[in-house]
Amino acid sequence: MEYCVTTKNNDSWYIGTNDFDLFKADKTEAIMFQGNGYLGIRATAEERNLNERRDMFVAGTFDAFNDEVTELPNLPDLLNMEIVINQRAFSLSTGLIENYHKHLNLKNGELVRSFDWLIDGNRISFKFSRFVSMSDVHLFVSKLEITSDQSDLSIKLNSGIDGQYSNSGTQHLVEGDKRLFDGKILQMQEKTQQTNIGFAFNVTQKAYIDEVLLKVKPNIRMDRRQIFDEYNVDLTKGEKFTFVKYANVYTTIDNDVGHDTISDISMDAIKRSSLLNYDELLNKSTNAWNINVWQRSLISIDSDDVKPQVAINFARYQLAANTPKDSRMNIGAKGLTGEGYKGHTFWDTEIYMLPYFTFTMPEMARNLLKYRYLGLDGARKKAKANGYWGAQFPWESAWSTDGEMTPPWGSVDIVTGKPMRILSGSLEQHITSDVVIAVMQYLSITKDERFAEEMGYEIILDAAKFWASRLEWDPARKKFVIDNVIGPDEYKEHIDNSAFTNYTAFWCIQKAIAVVGLLRNSNPEIYNELNLRLKLDDAYQDWISKVDLIFLPKPNEFDVIPEDDTYLQKKIIETTQYQSDGGHAKIFKDYNLQQINDLQVTKQADVLLLVFLFEDLFSDDIKLANWNYYEPKTTHDSSLSFSTHSILASDLNLADKAYDYFERACEVDLGTGVGKSAQGLHMASIGGIWNMIVEGFGGIRVLDGQLRIEPHLPSKWNSLHFEINWHGSLLKIDVYKDTFQVSVLGDAITFINHNEIYHVAANSKIEIPISIEVNVED
Ligand code: BGC
């Protein structure tokens, strides 16, 4: 396993670099991203550099340009500091740089960059520190310290708000007022072009020599979309110059403040923040990280190699830094870490990120699921527009109620030279099942009846209505089929009877039938209310008449489940040369999508995802046969692929494969692949890091509402320790080479291990030997 970042003194909480590499900059900026789920800022340097992507986003502030789909606007830069020392503009590309260190402390999100700048015979020491606050989501604080033991310095520093940034050329923001208040607060207001979301940005700054605050008159420079304050300071040799920049952002869609007065509210807030110093504000933020994140979901790995622990610390950090707490918005496929995928949300959340939140922070999971509930009207409109009933969830979504946001056109086809049509928005329909999978998992793990009654049941029922209306009768098969879709394997378009789609549609309808049964018996009041709105009596009849006639692709004579009706008849090619690191689709150098459609080449886990998620429907022999068939045909051109492969390999006792895929998943962002992550981190793959450790190596699974624990500790690890919530109790699970222990904090629980049922009394512990299974690795 090789990472593009290093730790500091082998401490798994620090990631960074000890040299400035221009060509890695756009990647490491994403990896050392800072955020709090509301505000996100890439780890770009304060001064400008080549190859940088200076992005800052606020979750949910989507805007459209012309008739394009909405995207998160790139906001004015609050980082900037233009520094001139002794008439020399400071830049990493002039003079010499020594002792360079840039590290992100994952524990509290503080980024520190320090180095010596050797210029004109002087050695000048710089230290930049900054954090996006976890205790006050609007706040961003940075600090610069400059010293030289060799000579006096005349420092000119320009710092403020720079709105001359865009989304790769598209300017979403209309410039509003720019003002200086009280001689010390710089404010810029802007609003989005089409969605009319207002922003207020404030900056107030303090300069010190040797801790003594300088009383300087404002020296304001205003330009188009820019407002800066200039500081001119003479520093005597040996003295320290310290500069602290307090910045904040408020928007008219914030749900924690009154909407029309963000100019005043944000200004009062920045005044209050600037009463405290950098360390005091950082301490508050550090406490919030501890309480909100680290104390919630302990996970530690005892291994001689620090990298797995770095990976899981990084994953939990990024999941916290990129997840909004406001249920009107969700996690983007790239979080807030870059422009990629326009900030849009995919099934990535439900299948790859929600297990972490549901098991460790159920209230966050509830918010993320509420987003889908708020999206029901949009989903109903989509179903109706396509001639179906119920709710058809959008493949890509942005603001919860805005519906389908998949762009119609993608990159250029290498054969025709024309842009390729993106069909996922209309054909990738399994998203509707994925939402139900996540809702059911949440309900099984939390037993949150209130969520079920207020939101969950409605999602399940409306999804089933969609699927039932989507089915088509095939007279030849005498079955209901689902034609013309895209499954998880996006290399196959317009396919009939995608195994993943059909099985999950069948399962959704089964769940809805069960929900109706349950409500009719035990909660008639809720049933009547839902029946009135959703016409459940009729829907139920429809489901009952169709469910057992749904065509479910069966394993063939070799136990292989056909990915779709025609996959197994397509040409087989050697795919080793096309196997990717989860990002660079090498196969497109030789084939276009139409050609790949005719090959047995799979982009990412598809049938293998099915047999993992619905493992109780398939025997171990079938799982293994499908692994043997599909794994060599999968190029992993989506980073979502690795974690599923690792977990399934753990289940199948393919220990080496499981660990290999684990390492490859960790390397998606942390690895050395140049250019990867520049557009933003791969949040689903990051969620997958937790899944691989807890569901794969830890062997945690929810099967038909029951908890199963069957650990598979990697041979390179001495032990693994993690915590999960189950039915309101906290379970601490310690996995060793030969045994594992389950300690319960709270009410008694029950779990299954190798078909045996174990009961653990309230607040007690159980130890179970790990049975050695036959390793079927070839
Ligand atoms: C994958 C999808 C995924 C999307 C966003 C695509 O490349 O094939 O499954 O949802 O990326 O991460």
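Placement of Cβ uses the backbone N, Cα and C atoms for every residue, glycine included.
No curator has checked TrEMBL annotations; they are predicted automatically.
Computed from a predicted structure; not experimentally measured.
The annotation domain 'Glycoside hydrolase family 65 N-terminal' is assigned in TrEMBL to 18-252.
The domain 'Glycoside hydrolase family 65 central catalytic' annotation in TrEMBL covers 315-691.
Taking the Cβ of Trp347 (substrate binding site) as reference, residues of its chain lying under 8 Å away and at least six apart in sequence are, in sequence order, Trp395, His430, Ile431, Asp434, Val435. Trp347 (substrate binding site) falls within neither a helix nor a strand when secondary structure is assigned with DSSP, and so counts as coil. Per TrEMBL, the feature substrate binding site maps to Trp347, Asp348, Lys603, Gln604.
Summarising the annotation, TrEMBL assigns active site, proton donor to Glu490. Counting only same-chain residues at least 6 apart in sequence, those with a Cβ under 8 Å from the Cβ of Glu490 (active site, proton donor) are Ser424, Glu428, Lys603, Gln604, Ser638.
According to TrEMBL, the feature domain 'Glycoside hydrolase family 65 C-terminal' maps to 701-757. Per DSSP, the domain 'Glycoside hydrolase family 65 C-terminal' (701-757) is made up of 0 helix, 38 strand, 19 coil.
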Problem set entry | Span of the substrate site, taken as the largest CA to CA distance across Trp347, Asp348, Lys603, Gln604 (Å, rounded to a whole number) | 16
For this session: Could you say which of the binding-site residues Asp348, Lys603, Gln604 has its Cβ with the most other Cβ atoms inside 10 Å?
Result: Asp348
Exercise. DSSP on Glu490 (active site, proton donor), three-state: which is it?
Worked result: coil
Problem set entry | Non-site residues, in chain order, whose CB comes within 8 A of the mean position of the CB atoms of Trp347, Asp348, Lys603, Gln604 at substrate | Phe346, Ile351, Pro488, Glu490, Ala605, Ser638, Leu640, Ser641, Ala684
